[in-house]
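Chemist: As annotated by TrEMBL, transmembrane segment applies to A:14-35, A:133-156, A:163-181.
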């Protein structure tokens, strides 16, 4: 088999192998690019403020009080924990919700957190939260991307030679120009 | 379907930390002795640079990157921050309210007035709260734990 044929077969088959992973990293890459304090790419975080019946001064926080607060808010999520943040301020953790209650006023801040479907999973892989096995799989994917680039470069010839050279150069020039002006 | 089995098993293996009840992050915990958060808060200089193991409720998680958590103390209204290297450990938002055992090195941040203002603004942004510069009156010292490993129960 001629080396050009081998190169073509390698490029084609590695390309097929990389389709799924590339889509995962592409989708995740876009959302992770826009990460900020206002936008969490993996979770939907909804904050809201509401008022419940205030509690008399000196009320000792206990599970009866927690149950009372949760029932006033119709919160049915599984109870996780409770902590006193400061005198008169209680934080209740239930599955998917965190409630900060000012006992004297009844002012309650709720923070409901849910996973963004699909984005949570692709970000989980992109950020390599799993570590272990995924580290090696992601390394292999990087090597395959490098092979795709090399085999792609070696396919530049014939009628598309000029176009291939220009587009390849653009791929190098764009980041160089950006770095020149941003560093 | 039989051909899909290895891929399914591999996926489950990779996703194990998502599905597991106990979540292990970073290095393995090696210390047997637990140090109380209140002891570190009372005498932080004594523990500076030392590896400690603390336990408590995770009362706050960095919503943007999962790069820090706040652990409640054994003493009411006290807490301590555990900061990790971005990407090395990522605390999931679901960790909020769960109990954690964390190991790490106690460190001190000495911030000038300007740095303290920037730090307070950054924290307010992270928590979606309004920044009040009048709360920062001068240079500050912050003691926290550089997290190396954690088990979230």
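Each Cβ is built from the backbone N, Cα and C atoms, and glycine gets one as well.
Automatic prediction, not curation, is the source of TrEMBL annotations.
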Chemist: For the transmembrane segment (A:163-181), could you work out the same-chain residues 6 or more beyond its ends whose Cβ comes under 8 Å from its Cβ atoms?
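Modeler: That would be 153, 155-157.
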Chemist: Near the transmembrane segment (A:133-156), which same-chain residues lie under 8 Å Cβ to Cβ, leaving out any that are not at least 6 residues past its ends?
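Modeler: Distant contacts of the transmembrane segment (A:133-156): 4, 7-8, 10-11, 14-15, 17-18, 21-22, 25, 125, 164-165, 168.
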